[in-house]
Amino acid sequence: MDAPSGFRNPGSTGGGGKPSRIRGKKISPNQNPQLFDDTSQQPPYGGQQQQYPPPGSQAPPQGFDQSAGFGSPTHGMSQPFAPQNLMSDPMANMAVQYGQNFAGQGKEYVQQNLEKYMSKSRLKYYFAVDTSYVGKKIALLLFPFTHSDWSIKYSQDEPVAPRYEINAPDLYIPVMAFVTYILLAGFILGTQDKFAPEELGMQASSALVWLIIEILVILFTLYIMNVSTDLKYLDLLAFCGYKYVGMICSLIAGLFFHSGGYYLVLIYCSCTIVFFLIRTLKVQVLPHSDPDSLATGNKRRTYILLFIAGIQPIFMWWLTGHLTGFNVNGLKI
């Protein structure tokens, strides 16, 4: 069946070789027929064509509203976090107020309990020292045999500050001696080519743990033996910390005179700390009334006194014995 004349090949001709016609239009042999209209350049239905920004431009496309909220074309897209929106939430405000009240109550509770167990004024008492007191107290620790008056003076039922009373316990000398012991131990390890930065931390933590254990053992012994004394835990901390002065002297002697000087000075300092503690603690451990009676518990108090003084040389040797392997061949003294 022949195709209609309007759909024949433009290059073909009729029987007489003439160009074909499409509904009255004359088409040249070199022109392709257009079956449909080109609508790619026409605007969309009901309005103008939407314009888009060129590539790289930051301007939003036409019809895009950045400030639009729910129900707008931007609904469903991620919105930036606004802190003011959070603070305007009633539940958030309630949570913040509850947290502030809880933090305030916790701070007040900690301050009350800290003041109960460690009063600031009481702690300041142990550091109320001066240069004259420090020099006299170190001399008393190293040469206690010439001292005669071991009583502690009181003012209105309160002990006199250490700067005015050489027999009063203090925490300044124990703290400074503890720090000096750690630094001296690091120096000695350096002479042995064993020093490392973490060694200082290990020495400090080890000495601190043994000091805490020592105080806990003394307090537990006092509780088990049912002995009540005038000693407070800060007093025990001060008296147990005085042994670091003898430990420093022993290490320095060992550094200059090797192991022979170390053990000689260690024995002497052990005797001095034992004598010092017995004479000092006797006033606070033994009762003031009826000192000649053993039936009132004086025997147990005497044992406690000897126990506190007797364990000091053991800890002095334990904390310094591992540092006695000195190697001073390469050290210029």
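The backbone N, Cα and C atoms fix where each Cβ goes, glycine too.
Curation plays no part in TrEMBL annotations; they are all automatic predictions.
These come from TrEMBL:
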{"type": "COMPBIAS", "residues": "28-39", "note": "compositional bias 'Polar residues'"}
{"type": "COMPBIAS", "residues": "40-51", "note": "compositional bias 'Low complexity'"}
{"type": "COMPBIAS", "residues": "75-86", "note": "compositional bias 'Polar residues'"}
{"type": "REGION", "residues": "1-86", "note": "region 'Disordered'"}
{"type": "TRANSMEM", "residues": "171-190", "note": "transmembrane segment"}
{"type": "TRANSMEM", "residues": "202-224", "note": "transmembrane segment"}
{"type": "TRANSMEM", "residues": "236-256", "note": "transmembrane segment"}
{"type": "TRANSMEM", "residues": "262-281", "note": "transmembrane segment"}
{"type": "TRANSMEM", "residues": "302-319", "note": "transmembrane segment"}
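For the transmembrane segment (202-224), same-chain residues at least 6 beyond its ends with a Cβ under 8 Å from one of its own Cβ atoms are 178, 181-182, 185-186, 231, 233, 236-237, 240-241, 304, 307-308, 311, 315, 318-319. Distant neighbours of the transmembrane segment (171-190): 123, 126-127, 129, 134, 137-138, 141, 162, 199-200, 203-204, 207, 234, 237-238, 240-242, 244-245, 247-248, 251-252, 255, 319, 323, 326; these residues of the same chain sit at least 6 beyond its ends, with a Cβ under 8 Å from one of its Cβ atoms.
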